[in-house]
C-alpha cells in the first residue's frame, strides 16, 4: 500500500526531480546514456531494467523502486527473525514495518531513493551477519550485498562500517552504556558541534580535494553545507537521544539487541559531533536505522500494555512528523 502511495506522490520534491529526469531521459538498456548522468552505475542499470518493465510510466517507476525497497526490508526482517527468535516464535512483521515506515521508509522511498535502496540492502546483509556462526556462504552473500549497496550509493561504505561494528560488537555492562550515553548527550546539549566542525574544516576540505577528477567529485557540493552551520539543536537529534536513554536501560539476554545498540551509539556520536551540518543525517542514518531493531525488541515485550501501546503510538507519530517537516521544509 505504501509503495502505491509513494508511486502516486508529487515528484517536485528535492532529489525526486533528478530521478524523474533520469528515468525520462533514457531508453531502456541503451547504456550509452550511463555517462550522461552522475548517478551510481548500479542505480542507473536498475533504472534501465525498471524502464523496460514500466515503460514511460513515471508513477510505475517510483512504485517499483519503493516495492524493491520493501522487498529487501521484508527479507531482512525474516532473516533476522531466525536468529532473534530461535524458538521459532513468529515475528510481528506489521510492528516492524510500521516502525520502519514511520520515518525511514517514507523518507528513503519518497526522497533519497538511492540511499534508501543501499540502506535496505545493507540491512539484509546485517540479517545474515546475525548468525552466531558464519560460514563462507554467509560471508560471500554479505560481501555481494556490500558491493551492490555501493553501486547504488557510494556513501553506503559507512553502512558497511555499521555492519562490521554490528558483527564484531558484543554486550557491554550497563554502567558502560550509561557513561557513553551521558558523555554523548553532554556534547550534544552543550552545542559543541559547530566548533568541532570548524576545527575539522581544513581536513574535511583536503579529503574532498582528493575526489577531484573522480566519480566522487559530485559529493563536493556537501562542502557548501560546511559554510552554513546551524547552532540550533535538531528536534530529531533530541528524539534519538531520548529513545537512546530507554535503550541503554532496557535489559535482555538477546545478544542481537546489544549488537544493534553498539551501532546506534555510534550514530549518536555522529549526531552529537556533527549535527550542525544540515545533511549529516544522511550519514548518521546508516547507524541510527538500527533503532528499528531496538524499538522492535522493546515494543515486542511491552506492546500489550497500555503504556507500551501509547509509547509505540507516540514513537511512530513523532517520526512521521519529522518526515512531514522535511517535505515542507519546516
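Cβ coordinates come from backbone N, Cα and C, glycine included.
The transmembrane segment annotation in TrEMBL covers 20-39, 60-77, 89-108, 140-166, 178-211, 231-248, 260-277, 283-303, 310-328.
Counting Cβ pairs under 8 Å to the transmembrane segment (60-77), the stretch among 89-108, 140-166, 260-277, 283-303 with the most such contacts is 89-108. Cβ atoms under 8 Å from those of the transmembrane segment (260-277) belong to residues 162, 165-166, 169-170, 172, 177, 180-181, 184-185, 187-188, 192-194, 196-197, 222, 225-226, 229-231, 233-234, 237, 240-241, 244, 247-248, 283-288, 290-291, 293-294 of the same chain, restricted to positions at least 6 beyond its ends. Long-range contacts of the transmembrane segment (231-248) within the same chain: residues 174, 177-178, 180-181, 184-185, 188-189, 191, 194, 261, 264-265, 267-268, 271-272, 275-276, 281, 288, 291, 294-295, 298, 315, 318-319, 322, 325, each at least 6 residues beyond the stretch ends and with a Cβ under 8 Å from a Cβ of the stretch.
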